Amino acid sequence: MPEQGPRMNGFSLGELCWLFCCPPCPSRIAAKLAFLPPEPTYTVREMEAPASTAQQPPREEGSGEPAACSLHLSERADWQYSQRELDAVEVFRWRTERGSFLGCMFVRCSPGSRYTLLFSHGNAVDLGQMCSFYIGLGTRINCNIFSYDYSGYGVSSGKPSEKNLYADIEAAWHALRTRYGVTPENIILYGQSIGTVPTVDLASRYECAAVILHSPLMSGLRVAFPDTRKTYCFDAFPSIDKISKVTSPVLIIHGTEDEVIDFSHGLAMYERCPRAVEPLWVEGAGHNDIELYAQYLERLKQFISHELPNS
């Protein structure tokens with residue numbers, strides 16, 4: 001999987017002043033600290049309508065109407081599969097309540113499977129870079145995967161912000177349910193790194209089949225200042241205060257040598273979570289290499305195939 005971003009702590013005094021004083025606003029702090037959108041690695045093009053329907057009025061984006069779109073990957077996307085696999089990837093754009101149009105992707109890895117992962121990726125990648133990983137993961141754990149780019153990432157319009165992050169996953173949730181008819185009891189929310197923030201927020205408001213938190217953070221301030229012991233009013237991404245409201249089963253995965261989001265964050269989230277299942281603490285793993293350890297796939301398979309209902 002592509003790297004999910006650089007270190008987020010260990011700032012100099014000058015950097016801290018820039019983060020928290022220009023201006024001292026949580027959303028601006030969050031954007032400076034957490035969002036690193038790469039140069040887009042893909043485009044989404046709407047295909048020409050057949051001659052018989054060419055005179056019909058254009059479809060409104062985000063309306064839930066099926067639209068024929070094609071995915072075009074750049075060389076930076078590092079595509080690893082054949083055209084047959086690429087044909088199993090559907091892309092479209094969906095409007096959020098805050099006015100952004102999100103790039104969305106549905107990967108049919110396992111058509112007969114019960115579960116679909118709603119995957120919120122890390123802070124320094126886009127769908128083009130993640131597409132190959134999604135196909136490999138979904139095939140191995142027998143799940144389809146739905147993902148989306150945050151506002152300001154990939155082909156998604158708007159700018160990255162904490163408020164947009166929550167609106168983005170809300171739109172993705174409704175797109176998955178409306179466009180593909182996937183019901184909540186068949187949706188597994190999967191968040192990685194910064195993607196755990198919208199995942200916890202959504203899971204605290206909607207019940208689903210399960211939640212997977214991969215390298216989660218307690219809050220933005222606790223990443224920048226590891227000695228922080230409580231949530232302040234100006235903190236960003238306060239997942240630690242929301243996790244207690246999650247009523248679905250939660251699997252937490254964290255590397256013990258994570259150099260970006262300390263292992264203590266995963267432990268604290270696990271201890272605060274009312275429906276946590278047996279976690280996966282990957283001994284020696286950092287922030288960007290958990291997927292390389294055999295126990296990663298083993299634990300996911302065990303959780304999805306044996307600990308969740310599959311009838």
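Using the three backbone atoms N, Cα and C, a Cβ is placed for every residue, glycine included.
As recorded in Swiss-Prot:
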ACT_SITE  S193  active site, charge relay system
ACT_SITE  D258  active site, charge relay system
ACT_SITE  H287  active site, charge relay system
REGION    48-67  region 'Disordered'
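According to its DSSP assignment, H287 (active site, charge relay system) is coil. A straight line from the CA of S193 (active site, charge relay system) to the CA of H287 (active site, charge relay system) spans 8 Å. Between the CA atoms of D258 (active site, charge relay system) and H287 (active site, charge relay system) there is a gap of 5 Å. The Cβ neighbour count for S193 (active site, charge relay system), using a 10 Å radius and every protein chain shown, is 26.
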